[in-house]
Amino acid sequence: MAQPGPAPQPDVSLQQRVAELEKINAEFLRAQQQLEQEFNQKRAKFKELYLAKEEDLKRQNAVLQAAQDDLGHLRTQLWEAQAEMENIKAIATVSENTKQEAIDEVKRQWREEVASLQAVMKETVRDYEHQFHLRLEQERAQWAQYRESADREIADLRRRLSEGQEEENLENEMKKAQEDAEKLRSVVMPMEKEIAALKDKLTEAEDKIKELEASKVKELNHYLEAEKSCRTDLEMYVAVLNTQKSVLQEDAEKLRKELHEVCHLLEQERQQHNQLKHTWQKANDQFLESQRLLMRDMQRMEIVLTSEQLRQVEELKKKDQEEDEQQRINKGKDNKKIDTEEEVKIPVVCALTQEESSTPLSNEEEHLDSTHGSVHSLDADLLLPSGDPFSKSDNDMFKEGLRRAQSTDSLGTSSSLQSKALGYNYKAKSAGNLDESDFGPLVGADSVSENFDTVSLGSLQMPSGFMLTKDQERAIKAMTPEQEETASLLSSVTQGMESAYVSPSGYRLVSETEWNLLQKEVHNAGNKLGRRCDMCSNYEKQLQGIQIQEAETRDQVKKLQLMLRQANDQLEKTMKEKQELEDFLRQSAEDSSHQISALVLRAQASEVLLEELQQSFSQAKRDVQEQMAVLMQSREQVSEELVRLQKDNDSLQGKHSLHVSLQLAEDFILPDTVQVLRELVLKYRENIVHVRTAADHMEEKLKAEILFLKEQIQAEQCLKENLEETLQLEIENCKEEIASISSLKAELERIKVEKGQLESTLREKSQQLESLQEIKVNLEEQLKKETAAKATVEQLMFEEKNKAQRLQTELDVSEQVQRDFVKLSQTLQVQLERIRQADSLERIRAILNDTKLTDINQLPET
């Protein structure tokens, strides 16, 4: 009972402690709120300052970027101006060099011509003086002789007088002497007058010589001026001649290439001749093999057929013969009309010789003879089958159909025409699946179905003296798939016949379906045998293509002749372009003067831009210095604000210690009960946890803010350093550019001085260019050379025409070879048909002996 008394004391102390803690907490919260408000205010100020600084930096960067763009633009303009100046310098140097060379050349030619003219004038004056001196000497000699004769007469008279003649005679002699003196005086006076007149004439002649010399000099000067004026025309004329010469040379090269191609075509044509011979050989072998297979199949079918079937075959044969006779009569009338209108057309083979080596015609003839010999040798390698003889009318109809087939453009005919015209009904089953390319051109030209007599099929044998080649024996011995099918069919039929009983006469050994199938296959084989030969049609197309190429070459020759005429017309039209060329030269001079004035204006504009660039650079420098001052001031403000924040933090720590001391000094009433104390303690603990979390959060927040401010200060410091470096670089670059601009300005002034000098020299050169047209003689020589070149080109064209004529003759020879080849093929077809129609081996031997030919001209006309 004594223990519950003192229990309320700890509760009161706890309550007091709790109250103190609540007060401390309230004070701490108030201080925290105040600090947050102050921090937010300061943060807003810092944000405003930061945004203001960012805007200032953006403006400064924009100004710097604009200044850099202006600098780049000005640099590009300066580079362009420098490039243009370099181009102008190069053009001026080139023009000066060319003008100086032209002036030197013209001076040299002028000096040569003046020296030649002076020499000519001196020679003419010397000739005139020499002639006059000769005349004067001759006249003086004549007068001296006359005076000597007169003096001799006077001396004789005086001697006579001195000899003491009689006085009478003396008077007479004196009279005679006076008369002679008068006569002499009458002769001498006109002679003196004539001498004076001759002297006057001599002076006049000398004056005329001087006048003629002066007039000749004037004429020569006028001639030189005219030559100067004609220089541009002659230059253009020579340029046109050079272009025409190049065009003619290109045409000649094209002709050479075309001739080379044509020669290549000739070589290909020769190769095709050899290939065609082998093709005919193979076609004959294939044709013989197909004929042999037809004979064997017909013999086997004869064994299979019954007497009833043979009778039906005979009836069908008679009907077909009657129809064929009627059609033959009708077609004979039509063919007579057609033969009068149409002629045999054989495509011309275009074969041209090589350009470099002109092969003689004798070599071609030898080649053709060898070709003929190789074609004739085909007769010795042919193995011809023998069949039942045709009637005489069938043989004539075959020749008529063959002649009509030759009148067309191809060597083959349709199977329906010849099968109806010749009256062949039976087809071999073994050839039912063969293509038309397996028979060659002979089958195409002789595509007819065989009409063998069923009685004599088994009695045919090969002639004893007719030998086969190895290829023919191999082709005969080898079995084709069609032969194997036929053999299997016959073996099945013969086995059926052996196993079955012997049927009475009149009954079939095969069924109706097999019989119909056999007739269809025989009909198909005959149709395929009569198809057109693809090889012949391809060969005909090749011949037509070669003929077209020949026509094209002729057209090209005509075009070249037309081009020559046009070139001559163009040569005549060149003199009409004189005024246009003068206008062009005048316009080019005006354009050059305009370009020079435009360059002067651009140089002045570049100077103005340089001054503007200097002003903008000085303005940018002042702006950068002002920005640097503003940045320094803002840095000082930030440092002052940091010092103030440190002081505030110190003051806050002092207030915290003051509040703690105040809470300790206050009275704290503890709670009365343990339950209340426990609740109060729990409440305080929760408040302490909240306060600690808030303090930690505030501490972290303040640390983050401090770090942010430090990083911001460092970034501003780095930005400031970078800005200082960039500005320093820009200042150095601007200094360099100013130095380069000053050097460019000096260069521009020097170029202006050079421009003035060039203008003065240009005026001098323009004055001197008026004397550059004194080279007509050289141009005339060039014209003569061009005319000589034209003559050589015409000679070359004449040679090309001769080559074309020679190639035409060779083309005719090759065409004749083709005709002979076709004639030989037709003869072979006729011989094959005769052998096919032969009724005995003796007849076949006689036909083979008759075919021994030594020349193509011995072939009969078909």
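The backbone N, Cα and C atoms fix where each Cβ goes, and this holds for glycine too.
Values in this document were obtained by computation on a predicted structure and should not be read as measured data.
Swiss-Prot gives the label phosphoserine to one of Ser13, Ser393, Ser407, namely Ser407. Checked against Swiss-Prot, the residues Ser410, Ser592, Ser760 yield a single entry marked phosphoserine: Ser410. Confidence in the coiled coil (11-328), given as mean pLDDT, stands at 76. Counting every protein chain shown, 14 other Cβ atoms lie within 10 Å of the Cβ of Lys282 (N6-acetyllysine). Across the region 'Disordered' (315-340), DSSP assigns 26 helix, 0 strand, 0 coil.
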